[in-house]
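Trainee: Could you have a look at this structure, given as structure tokens, before my questions?
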Amino acid sequence: MYPLAFAKEGEEVVVKSINAGYGAVQRLSSMGINIRSKIKVVRNQNGPVIVSARGSNIAIGRGLAMKIIVERESDE
Amino acid sequence: MSDKYEIALIGNPNVGKSTLFNALTGENVYIGNWPGVTVEKKEGEFEYNGKKFKVVDLPGVYSLTADSIDEIIARDYIINEKPDLVVNIADATALERNLYLTLQLMEMGANILLVLNKMDLANKLGMEIDINKLEKILGIKVVPISAVKKIGIEDLKKAILETVKNKKSAEIRYPHFEPYIKKIISILEKDEGLKKYNLRYLAIKLLENDKYVLDIVKNSSILGKLKPILDDMMKELSKKYGEAELGIVEERYKVIDKIVEEVVKKKSGKLTTTQMLDDVLTDEKVGILLLIPFLWMLFKFTFDVSGPFSAMIDYIFSFLAEVVKSSISNEFISSLLADGIISGVGAVLVFFPILAFLFFALSFLEDSGYMARIPFIADRFMNKFGLPGKAIIPLVMGFGCNVPAIMATRTMENEKDRILTILINPLMSCSARLPIYALFAGAFFSAYQGLVVLSMYALGVVLALIIAAIFRKFVFKTSPSYLIVELPSYQIPHLNIVLKNTWERVYSFLRKAGTIIVFGVILVWLLSVYGPSGYLGVEALENPQILANSYVAVIGKTLSPIFSPMGWDWKACSALLFGVVAKEVVVGSLAMLYGVGEEGLSNLIVNAFTPVSAYAYMAFCLIYLPCIATLAVIKQEIGWKWAIFALVYEVVLAYIVALTITVVGNLIF
């Protein structure tokens, strides 16, 4: 398990936990990123991370991406 | 019994809600603000089969958990205003995520009609959606449309007419949660005061740890009974789901997954053009390199294309003023009309082309999908100064004019981020300050003109970033909100949508900021033609000897001791007062006060200033009071309190910077 910010581009991961405040967690989950959801990392360079979740692309600030803990899908 | 129904439009951002709103309502649109907040409220009307419908456009939201002002507005509206029908617009190509909001609406017990927009696009992607099955599962009416191509609009109107009358709410069941929900409802039922709410909604929200609903229940008689049971439930849920409030989220998605599985054939693939463009446009290095020309184009387009139109308006109003002056014999009235009211109205209308072209460009970028990528690219850099990525656009726009720049902050959802971005915006050196720099740089630093002018722009940017970091730390005491933004697919912008957006925004500026600007111009006029000895005559505006007795001069003379360390005379101080009307007026006022034409001015100010005091004066002009129009728009966007705060901090900052320049400059030279 590692933060989303460390995931590689093209990697498919499962969200394990989101250690952010109530507001950020609710917002993420309303956009399709909640615990146990599968997301694909589209872009991860030095800035925010772009993931593809439930059919749409979402950019997540790097600070928040550090608080989203994920696991590689095949590990499960 | 009135034959007018109230319906609300709601949906995720980027689902084409505005397009549908326009398609339904046509020209009958009223724009105001939601009570108590500066978020735009759009209302329109249409008639169908002899029935009238009032359409309220709710802000674009992903959910109704209410962690942003938009969600609070949407939720409160549905709960308190109880519209006859809630029209939920979903993007057919991203049904999976869009249904999340639909489920929440159903939880609230609203009378819902689901509209699947972008059906043409979904079909193109090879998706098939079984509308009948979806209707059956959800228990609500579903209408497929394409708002852009105006397909299905008549069907929708018909469906609206049908569903608006027989109000019913369909229930959505969450298998793993039903026992909890039932138990909570059985307790809530015992309080008569809670009966006005949808109890199922309250129960679900309690399990989600929703503050708003917790507050409702806190004041009820059953709290003592409910609390221990709810606490137990939450403990149980925490074990199952990690965090209790996330359990219901997972349940909603489970229900959605099941629906999508049954209803949608062939899941949506990604749009390849979007993928290809994003490979380039969101690349860490290439993206930034490409952002600069994009912003430059935005900037050039706004100010260069609008330039001739602004000049024309300026010309027309000075012409009008001349006509009035020569045709009305009463000097006081003719000057009040010409120099006060007409030039005041002119000062407002000069902004019209600038705003029109800016908003056109912004709407164009927004509709194309690129706009959402800009904060993504800028986020990292801006965060270092306590600013969110979205602040980049208003700051760049500020180089042209702070008025449209401040209005461009409307895209920021977080109120604190937005206030902060507005507060520092006047430090971005707008084009009206350029004549001041040009005058002084030409007169004192002819060898280094370009460099000196550039240093002013740089000073503004550096100060803006420093002030942002300081305010973030000491005034707002929060971090900039996390970037969470959907990157919509790229598309070719729709001209009619772009034009409509543009007009709506420009109109709201003219209506709201106009009066303050006109008032300000008239005030300065009054201060010029009146003095402690009474009415001086309108000659004061042309004759420096008479103007020397006016209130403007009195204020200038009162101020001059304060500015004596910088070595500015009272005329320079009075000119600053005129600069409040518009910064470019400073040069003309200096010319008038020194009793020379603008051509002879540079020779004269060489005697009145030293190079150091001139440089300090330029810096002061950059920083002190924003012009009356900027002040008006700050007030319009974030209220008097912050407008006064901006005014005070800028004057103080201007003084400190000018003094520092003087002290340091005099030590060196």
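Glycine too: its Cβ is placed from the backbone N, Cα and C atoms.
Just so you know, TrEMBL annotations never went through curation; they're auto-generated.
Take a look at what TrEMBL says about it:
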type: DOMAIN; residues: B:4-166; note: domain 'FeoB-type G'
type: BINDING; residues: B:Asn22; note: Mg(2+) 1 binding site
type: BINDING; residues: B:Ala23, B:Thr25, B:Gly26; note: Mg(2+) 2 binding site
type: TRANSMEM; residues: B:340-365; note: transmembrane segment
type: TRANSMEM; residues: B:385-407; note: transmembrane segment
type: TRANSMEM; residues: B:451-471; note: transmembrane segment
type: TRANSMEM; residues: B:509-530; note: transmembrane segment
type: TRANSMEM; residues: B:550-568; note: transmembrane segment
type: TRANSMEM; residues: B:575-594; note: transmembrane segment
type: TRANSMEM; residues: B:614-634; note: transmembrane segment
type: TRANSMEM; residues: B:646-668; note: transmembrane segment
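Where in this structure would I find these features, and how exposed are they?
Mentor: With a 10 A radius on its CB, B:Asn22 (Mg(2+) 1 binding site) counts 20 other CB atoms from all the protein chains.
The 10 Å shell around the Cβ of B:Thr25 (Mg(2+) 2 binding site) contains 20 further Cβ atoms across the protein chains shown. Following the DSSP three-state reduction, the secondary structure of B:Thr25 (Mg(2+) 2 binding site) is helix.
Panel annotation: around the transmembrane segment (B:385-407), residues 295, 298-299, 302-303, 351, 354-355, 358-359, 362, 371, 374-379, 414, 417, 420-422, 424-432, 457, 464-466, 468-469, 471-473, 476, 479-481, 483, 505, 509, 513, 626-627, 629-630, 633-634, 637 of the same chain, lying at least six beyond its termini, place a Cβ under 8 Å from a Cβ of the stretch.
Note on the transmembrane segment (B:451-471): residues 385-387, 391, 395, 399, 420-421, 423-425, 427-429, 433-434, 437-438, 440-441, 445, 615, 618-619, 622-623, 649, 653, 657 of its chain, located 6 or more positions outside it, place their CB under 8 angstroms from a CB of the stretch.
Sequence-remote contacts of a segment are chain residues at least 6 beyond its ends whose Cβ falls under 8 Å from one of its Cβ atoms, and for the transmembrane segment (B:509-530) they are 332, 335-336, 339-341, 343-345, 347-349, 351-352, 355, 403, 407, 536-538, 540-541, 547, 550-552, 555, 577-578, 580-581, 628-629, 631-633, 635-636.
Within its own chain, the transmembrane segment (B:575-594) is flanked in space by residues 347, 430, 432-433, 435-436, 439, 520-521, 524, 527, 541-542, 544, 547, 552, 555-556, 559, 600-601, 604-605, 608, 620-621, 624-625, 627-629, which lie at least six positions past its ends and keep a Cβ under 8 Å from the stretch.
Tertiary proximity for the transmembrane segment (B:614-634) is limited to same-chain residues at least six positions away from its ends with a CB under 8 Å from its CB atoms, namely 347-348, 351, 402-403, 406-407, 422, 425-427, 429, 432-433, 436-437, 440-441, 443-445, 452, 456, 459-460, 463, 509, 512-514, 516-517, 520-521, 566, 568, 572, 576, 579-583, 586, 605, 642-643, 646-647, 650-651, 653-655, 657-659, 661-662, 665.
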Trainee: Before we move on, state whether the transmembrane segment (B:550-568) and the transmembrane segment (B:646-668) share at least 3 Cβ pairs under 8 Å, counting only pairs 6 or more apart in sequence.
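Mentor: Counting Cβ pairs under 8 Å, at least 3, so yes.
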Trainee: With Cβ-Cβ distances below 8 Å as the criterion, list the same-chain residues six or more beyond the ends of the transmembrane segment (B:646-668) that contact it, or say none.
Mentor: 422-423, 426-427, 459, 463, 467, 562-563, 565-567, 611-613, 615-617, 619-620, 622-626, 631, 634
Trainee: What's the number of neighbouring CB atoms sitting within 10 A of the CB on B:Gly26 (Mg(2+) 2 binding site)?
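Mentor: Result for B:Gly26 (Mg(2+) 2 binding site): 11 other Cβ atoms within 10 Å.
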Trainee: What is the Cβ neighbour count of B:Ala23 (Mg(2+) 2 binding site) at a 10 Å cut-off, with all protein chains included?
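Mentor: The Cβ of B:Ala23 (Mg(2+) 2 binding site) has 20 Cβ neighbours within 10 Å.
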Trainee: So around the Mg(2+) 2 site, B:Ala23, B:Thr25, B:Gly26 aside, which residues have their CB within 8 A of the centroid of those CB atoms?
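Mentor: Once B:Ala23, B:Thr25, B:Gly26 are set aside, the remaining close residues are B:Phe21, B:Asn22, B:Leu24, B:Glu27, B:Asn28, B:Gly44, B:Phe46.
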